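**Q** Attaching a single structure in structure tokens format; questions to follow.
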Amino acid sequence: MERTLAIETVKAVGKEVKLQGWVNTRRDHGKIMFLDLRDRSGIVQLVSTKDLADARAEDVIEVVGLVKERPASMVNPKIETGTVEVEIKSIAIISKARELPFPIDTDGYDINEEIRMKYRYLDIRRSRMTRNLRVRSKVTTFIRNYLTVLDFVEVETPMLTKTTPEGARDFIVPSRLQKGKFYALPQSPQQYKQLLMVAGLERYFQIVRCFRDEDPRKDRAYGEFTQLDMEMSFVTQNDILSLIELMFTKLVGEIFPEKHISQSPWPRIPHKEAMATYGTDKPDIRKDKNDPNELAFSWTIDFPLFTEQSEEDFYHGSGAAKFAPSHHMFTSPHPDDIGLLDTDPMKVRGLQHDLVLNGYEVGGGSIRIHEREVQEKVFDLIGFSEKQKSQFEHMLTAFTYGVPPHGGIAPGIDRLVMSILGEPTIREVMAFPASSSGQTSVMDAPSDATPEQLKELGITVISKKKL
Ligand code: ASP
């Protein structure tokens, strides 16, 4: 017999069906016993007058039974299959479940996060988490379809690569073949996507993992996150902003019909004005902050190209220069301000654009520099040594072979889904995030390497005591 899903039972009244899933709940009422069976489609009530002593919550079972319409007084409007129940003919326990370490029939917010992460595969059984992962999948599928129709090409770029300057600390990976040398995991595919523009693709996207060794915050997970990375040639900043605005407006309409976008077109707020009016470059411009269905998108534009360099900007340059890129070092200066690069760099505006949703920065991008001389000047201003410059020689070389003007953006998928769903942290929309202390869920990395692995890599670990 073919398997029937819980949701399909409503259309199978009078038929015998085979169901497979988990025991969601069990209720004993003397001579009659109820089990709710849960599968990926939902829940259906099973009923039996026989003793089902062995079937306990979270056991995996297979049931053959007769679908019956419930009498009107017994209809449960709270579940989609509330008009029917399945009379059990036979039941087999496929896999027993131990008692779970925490309840999964609640929203789970009040459960210790480390325990939730340790047993994430159980935590995901709760309906809120299952919904979040399904919604996220719908979002990425929508984006893929939308952009593919617009002639964008999805390209995968390397994960084992060289440092990419997004301003954070890199994760490094030792090389076995070249002992003493290291790869860096990409902070973003920034350089590759620009090289793909030189390659003539014109329209690129990738739903891609990025790695940054930064301290976690509620809108930032430790270690890795996913972004929709995009790049386009022969575009203006307005083209990029309009495309994103249209795509996300359609996405919200299709996937989140209960939500409303409070202002359209999305306001484009110059950085200076945002700071003066809201005291932040990511203003929360919702009309009613108590309304969970309001989505207030806005753009912040006209950022200064540079900020004063601080200790933390060590990763950008030598530390000797005064200027740090406010976005990253490939962002183009505003064409009207090019002259100021020599005279008053802090006054130069950049062609940067940040996407803000309900007070969260959910994406950033820019029109890029495509002239070798301007790129070199920016490297100088941020205090790159000749050695550091040589690390980017491939970009400067590429720019000598006919480079189209280009620009892009990278909305964060986790942040976007978190903000739309109104989830309190980014980890609530990730399947297996690292905990806030940097331990990976379930697998509990980082962990020790064996002496053999270290030997092969030519690495000696200094014991903690000596550090
Ligand atoms: N690479 C940038 C980032 O990850 C985004 C961009 O400029 O397109 O923030």
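Note that Cβ sites are derived from N, Cα and C of the backbone, with glycine treated the same way.
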**Q** Scan 106-109, 190-193, 214-217 against TrEMBL and say which stretch is down as region 'Aspartate'.
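**A** Going through 106-109, 190-193, 214-217 one by one, TrEMBL flags 190-193 as region 'Aspartate'.
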**Q** Among R116, R212, R220, R415, indicate the single residue that TrEMBL lists for the L-aspartate site containing E166, H327, R368.
**A** R212
**Q** Of E258, E361, E456, which does TrEMBL put in the ATP site with R212, D213, E214, G412, I413, D414, R415?
**A** E361
**Q** I need the CA-to-CA distance for E361 (ATP binding site) versus H327 (L-aspartate binding site), whole Å please.
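**A** Counting only the Cα atoms, the answer is 13 Å.
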**Q** On a simple 10 Å Cβ count over all chains shown, which one of the binding-site residues D213, E214, E361, D414 is most densely packed?
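**A** Highest number of other Cβ atoms within 10 Å: D414.
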**Q** Whole-number answer please: how many Å between the C-alpha atoms of D213 (ATP binding site) and E166 (L-aspartate binding site)?
**A** 11
**Q** Of all the recorded positions given, namely H29, E166, H327, which is spatially nearest to E214 (ATP binding site) at the Cα level?
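**A** Checked the recorded positions H29, E166, H327; minimum Cα distance to E214 (ATP binding site) goes to E166.
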**Q** Check the binding-site residues R212, E361, R368, D414 for any whose Cβ is under 6 angstroms from an atom of ligand 1, and report them in sequence order.
**A** none
**Q** Using the structure shown, find which entry in H29, R368 (the recorded positions) has the sparsest Cβ neighbourhood within 10 Å.
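**A** Among the recorded positions H29, R368, the sparsest Cβ neighbourhood within 10 Å belongs to H29.
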